[in-house]
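The next block holds one structure in the form of structure tokens; read it before the comments.
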Amino acid sequence: MEDKMITVKVARAHLSQDKKSSASQTKGYPLSNRACVKMVSMEKGSGGDYPKGVNKYACACSIVGSMISIIFGYDTGVMSGAMIFIKEDLKINDTQVEILAGILNICALVGSLCAGRTSDIVGRRYTIVVASIIFLIGSILMGYAPTYAILMTGRCIAGFGVGFALMIAPVYSAEISSPATRGLLTSLPELGISFGILLGYVSNYVFSKLTLTLGWRIMLGIAALPSVLLAFGILKMPESPRWLVMQGRLGEARRIMHQVSNSDEEAEDRMKAIKKAAGIDENCNDEIVKMSKKTHGEGVWKELILRPTPAVRRILLAAIAIHFFEHACGIEAVVLYSPRIFKKAGVTTHKKLLLATVGVGITKIIFITVATFLLDRVGRRKLLLTSVGGMIVALSALGFGLTMVHHAHKQLLWALTLCIISTYTYVVFFSIGLGPVTWVYSSEIFPLKLRAQGVSIGVAVNRLTNAVISMTFLSLYKAITIGGALFLFASLAVVAWLVFFFFFPETKGRPLEEMEAIFSGSARSKNGGVEMQRGNN
């Protein structure tokens, strides 16, 4: 505490000088006038007062790690338009289209479960490399695809890569970021997915001008290029310091932690908390420590499912619930089948359908970008509840508009307008909360040892729900009408809102090592979230 007071006094002394750029040393850091302002403005952390601001190195690492999500997003977005041309070129029926759309998620389910253990064995960084290589193989096969069978094979391989990407990107970002900026950095993978979806929509529009045989193959195959670049680029990134601590590699973890922290004090406090969570003496400064416990994820499933503590059980149920409701509320139906929704509403030509879909992608990326800056200010709970509340209203309006169109014998301009406005409103509310919060929340709540494989279970549920929605939506709306399907999604969104309100504590600004205590319910805040009584470290 004495060192911190000295730091602030030195900063104030510099502020009282003229705008001379004399430098002083405080704990090894030169202080310019601008730096002094930053040092005076401090934020409360678990272990003390730290300088505010996003660490540039941690941000750069999160951006590169999130590139795997851009590739996945592209694959999702491009398929929505490519299916129009694939169906015409390969002469496949609606059932085959549904299987093609949904098989990626079935394979992603398997991929995510494998990714959790893989990342515990080889590390977070090399798991991203594995995902890139899998995407590369899948993209090449889909771009070649002379038959439906080969196209399905490529789609399945790409789906396996999707499972890896969805699990590892948010975990890596969460483990290198500080509590104060974790919402921003951990939401970057979701932003990457949205950016990829938008690129996929644009690719649909650009390559649709090519011949029928060539156009959709280029749409799908071009994703191989960023996969190659990412596989090499990721090797320049550091490993997760939390994974390194689990392996007993304390010296390497400490050096990386100093790079991704805003001060020496913050780095040391974070290291102490991680060592304590890993069962290592927090005052140990050895370069390498021999771990007595298993360090490659052995026995984690037993602790998660067979014999969990009450807090771990609540954490697992929360992760499963948020991943289930993200897709049970219908986002996949709106994104993947948006051309069909707009067509049903009255938009007819391919060009207008694809342009309307591009608009959905632009809306999604704009508001997820907004959400990334709100997560650490507003908090996860408020964004989640506001988001789902807006989705309920938008889905109800869209269902009503499409029901009117279905029963009308002529085109209803007001209903068409309502459907378009409701679709965009729904995407706005999803993107401002449920979309990014799902990945931030689930990647930050698990204890260190259980994190990778715990997140993989949540992702598996996410992909299974996604697969069910994408593979049954066409059959569902034929059975109960498209309006009826959207009313069903609205009902599920109501259930989601109630679950989030009663069972989800706030995690904003909390160190990862405190999450198990938060979910133990030891103390509750006035706003319904869980507040921890901080002690002095």
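Yeah, the Cβs are placed from backbone N, Cα and C, and that goes for glycine too.
As recorded in TrEMBL, the features of this protein are as follows:
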- 61-508: domain 'Major facilitator superfamily (MFS) profile' (DOMAIN)
- 57-85: transmembrane segment (TRANSMEM)
- 97-114: transmembrane segment (TRANSMEM)
- 126-144: transmembrane segment (TRANSMEM)
- 150-172: transmembrane segment (TRANSMEM)
- 184-202: transmembrane segment (TRANSMEM)
- 214-235: transmembrane segment (TRANSMEM)
- 315-338: transmembrane segment (TRANSMEM)
- 353-376: transmembrane segment (TRANSMEM)
- 383-406: transmembrane segment (TRANSMEM)
- 412-442: transmembrane segment (TRANSMEM)
- 454-474: transmembrane segment (TRANSMEM)
- 480-504: transmembrane segment (TRANSMEM)
Other parts of the chain folded back onto the transmembrane segment (184-202), taken as Cβ under 8 Å at six or more residues beyond its ends:
54, 58-59, 62-63, 65-81, 166, 169-170, 173-174, 176-177, 219, 335, 354, 357-358, 360-362, 364-365, 368-369, 371-373, 375-376, 431, 435-440, 443-444
Which bits of the chain, at least 6 residues beyond where the transmembrane segment (353-376) starts or stops, bring a Cβ under 8 A of a Cβ in it?
77, 80-81, 180-184, 187-188, 190-191, 194-195, 197-198, 200-202, 204-205, 208, 334-335, 338-339, 342-343, 347, 383, 420, 423-424, 427-428, 430-433, 435-437, 440, 508-509
Outside the transmembrane segment (315-338), at least 6 residues beyond either end, the same-chain residues with a Cβ under 8 Å of its Cβ set are 76-77, 79-80, 101, 197, 304-305, 308, 356-357, 360, 364, 388, 391, 395, 423, 426-427, 430, 434-435, 437-438, 441-442, 445-447, 454-455, 457-459, 461-462, 465-466, 469-470, 473-474, 485-486, 489, 492-493, 495-496, 499-500, 503-504, 515-516, 519
In terms of Cβ proximity under 8 Å, which residues at least six beyond the ends of the transmembrane segment (480-504) contact it?
314, 317-318, 321-322, 325, 328-330, 333, 341, 344, 380-381, 384-385, 388-389, 391-392, 395-396, 398-404, 406, 434, 441, 473, 528
Would you mind listing the long-range same-chain contacts of the transmembrane segment (57-85), meaning Cβ under 8 Å and 6+ residues beyond its ends?
97, 100-101, 104, 128, 131-132, 135, 139, 158, 161-162, 164-166, 168-169, 172-173, 176-178, 181, 185-186, 188-201, 203-205, 208, 212, 215-216, 219-220, 223, 226-227, 230, 233-234, 236-238, 259-260, 335-339, 350, 354, 357, 361
Hey, would you say the transmembrane segment (126-144) packs against the transmembrane segment (214-235), going by three or more CB pairs under 8 A that are 6+ residues apart?
yes
Can you work out which residues elsewhere in the same chain, 6+ from the ends of the transmembrane segment (454-474), have a Cβ less than 8 Å from its Cβ atoms?
94, 97-99, 101-106, 108-109, 112-117, 162-163, 166-167, 170-171, 300, 304, 315-316, 319-320, 322-324, 326-328, 330, 332-333, 336-337, 340, 438, 442-443, 446, 485
